[in-house]
Amino acid sequence: MYSSILRERSSSFTLTSWIRIFSRNMGGGPRTFPGGLNKWQWKRMHEKKAREKENKLLDQEKQLYESRIRSEIRSKMLGNTHNSSEKTTQSHGPVSSQEHIKSLADRFMKAGAEDLWNEDDGPVKKSNHGSGSIDSTIEVRRFVSMGNDKNRIFDRSSRGYSSMSRGGRFKRNESSCDEGDEFDGRKFDTLSPFATNFAGKKEKVKSARNVNGVMRNKGLFSGKKFRKNDSSTEEDSEDDGKLNGWMDLRRTGSSASLGNHDVKLTKRVNRHVTDDELYPPLDINVVREDLSKRRLMENVVEENVESRDSIYSRKRFDESCISPLTLKALSASGIVQMTRVQDATLSECLDGKDALVKAKTGTGKSMAFLLPAIETVLKATNSSNSRVLPVFVLILCPTRELASQIAAEGKALLKYHDGIGVQTLIGGTRFKLDQQRLQSEPCQILIATPGRLLDHIENKSGLTSRLMALKLFIVDEADLLLDLGFRRDVEKIIDSLPRQRQSLLFSATIPKEVRRVSQLVLKRDHSYIDTIGLGCVETHDKVKQSCIVAPHESHFHLVPHLLKDHISTTADYKIIVFCSTGMVTSLMYTLLRQMKLNVREMHARKPQLHRTRVSDEFKESKRLILVTSDVSARGMNYPDVTLVIQVGIPSDREQYIHRLGRTGREGKSGEGLLLIAPWERYFLDELKDLPLEPIPVPDLDSRVKLEVDQSMAKIDTSIKEAAYHAWLGYYNSVRETGRDKTTLAELANRFCFSIGLEKPPPLFRRTAVKMGLKGIVGIPIRK
Ligand SMILES: Nc1ncnc2c1ncn2[C@@H]1O[C@H](COP(=O)(O)OP(=O)(O)OP(=O)(O)O)[C@@H](O)[C@H]1O
């Protein structure tokens, strides 16, 4: 009897049939069966039926498995890096493991598929319990569509597939089997659709594990088995010998996709798989077709991206004729693709032509002029036999921080060039130290602010003779440097430069007047390269611009409110607050610091060491607020600034654009907010072509209001008085308000009271005269 039981067990019977046979052998059940069959004939007939079902299923599985392999090969050939969810959207793309499992599940759930579920011999039962039951179907459906846990399972199956695609063999991760994926407190070891009635059979699975030692070492999901390569045959055959109980094993350890048919019944022989087998000719054609379709799609996408707000062009640096060592430095910094301005200017600049270049803020103008600068040095070094150490390239920029920033970028590009030096000449450092540095270290590229450069030129420090070899003169923020404030200095500098040179002017804003005065620097036949385009918006689409018009007295209350609002919604906030003058900046900073906000201050009145430290810190930081004057408005590349607030009107439209341009750099998004008083509304006319949205004045939180008042009361009166004087000086210089002195004095007094001063502090007589404010009502003069 027991030998018959064992025979039964070794056949393809399931647990239920095993129990039934056992009970029959123990004397239960009918002795004759329909059709006059005896029990052995009856049993053999159903064994045969069961085998047929198994074979049918095996065929289906095989088909799916093959298509899956083809998909994997195809995806590998296409170098597909998309995730599975993306794959599912492509009709011709490879099938993800998730898809595959879903399709299996669907197949088992189709009408009439109950037959496939029937584990018992004989006709399909309609009961809830057992094979083909609705319960099992639901279990599989739930299993397949399970939320987070499913990823673990799909992951597991996909891991198996990916291993196969690598090694040409199915390789399962042992640890993944150990994880024992658990749903609703039940433990499922497999994704096999045969794993019906999980709860009922869990015990059996468990005991099988315990009795047999470590089940996974025997079964089809043995890590050992699938990880083996050529030397695996011996162990395989040993495993095969243990497969007598495979009906048990299949419930616990089948691969996700193959169910129990992944069990190896014959010894696995490692054989060489030919290329033809691996990549059938038909598939290659399909793959080629897919590949060309995909390329076509990529091109369309690329073009679309480029035509929108992308700052990048499709040209790569290695397609240009810049030196290989510079290319090496670029790729070391992960820079491969040119930005539009670089693409538009590089060849022109390398040809030695003069150019006036306009491109939006944060689009890589510095690199656009640094690359030709390096090429110029390389060319000039080869042909120069001068005994003095010549400066071949001079770059002029308006602020010290910007000069240092450009020098740092230049040094990074020169990383692999030996003997080429970049130096800065900027205010705030000792003149003598500049001279020593210029003598002792190489300086083919000099970056300077106009004031300090002129000092060196006028003091005959030896720089003038070195500048006689100049080949390339670059003016960054050209509109500002050619504007009245700097023009006289720039003219003097130009006078001391050789006439035979190339000149390049760069800025994000080039008003008409600047185009006219650019003749001061450029040759008549220079090129004008405008990458923004006539009539196009000069700011970035990805930067949201809004404007709040509120009485000036409320600005010191509104700024902390706006900051707190932004901080509460932006985890990695990085904010710049622009104030009209250095002293107003100082007052705003002191107030915000009193309110315990994480804030730094930067303006021209601060010592250079402080400025450098703060600038470096702000570059590196997140969750920090920089309160600053216009020293930070131009060129400064502080990465990932999330919000720019401008308090009060800027000096002009250009300055608004440059300040705003501290956010949304390198094509990123950002936010800009202009906070002005009702009488400053006229300035909005200058910005009417920009997408600036007026927003209502926010309701002030009474707690913030109280906090501001208390903090303001603690601030030293001298800071407030200095702020009042600076405020008066600034608005006096603004044409629109400066004209009507009485109104200006009135507005200044309102500002004065809003910052907690009881009366306006008196002006020096000389200052009042200079400002045209002597004798104006409301402007007290110091006796
Ligand atoms: N081709 C490029 N690929 C990737 N990043 C680049 C590329 N060119 C420049 N960058 C980076 O873009 C950032 C902004 O560049 P840059 O400061 O030169 O902008 P800008 O146009 O001069 O801005 P602004 O008008 O404010 O002076 C820098 O961090 C720079 O390293």
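From the backbone N, Cα and C atoms, a Cβ is placed for every residue, glycine too.
Just so you know, TrEMBL annotations are computer predictions that nobody has curated.
As given in TrEMBL:
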- 78-98: compositional bias 'Polar residues' (COMPBIAS)
- 315-343: domain 'DEAD-box RNA helicase Q' (DOMAIN)
- 346-528: domain 'Helicase ATP-binding' (DOMAIN)
- 562-703: domain 'Helicase C-terminal' (DOMAIN)
- 73-100: region 'Disordered' (REGION)
- 155-181: region 'Disordered' (REGION)
- 223-245: region 'Disordered' (REGION)
- 315-343: motif 'Q motif' (MOTIF)
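Long-range Cβ contacts of the domain 'DEAD-box RNA helicase Q' (315-343) within its own chain (Cβ-Cβ under 8 Å, at least 6 residues beyond either end) map to 350, 357, 359, 363-365, 367-368, 371, 374-375, 378, 412-417, 529, 531. With DSSP states grouped into helix (H, G, I), strand (E, B) and coil, the motif 'Q motif' (315-343) comes out at 16 helix, 5 strand, 8 coil. Across the domain 'Helicase C-terminal' (562-703), DSSP assigns 60 helix, 29 strand, 53 coil.
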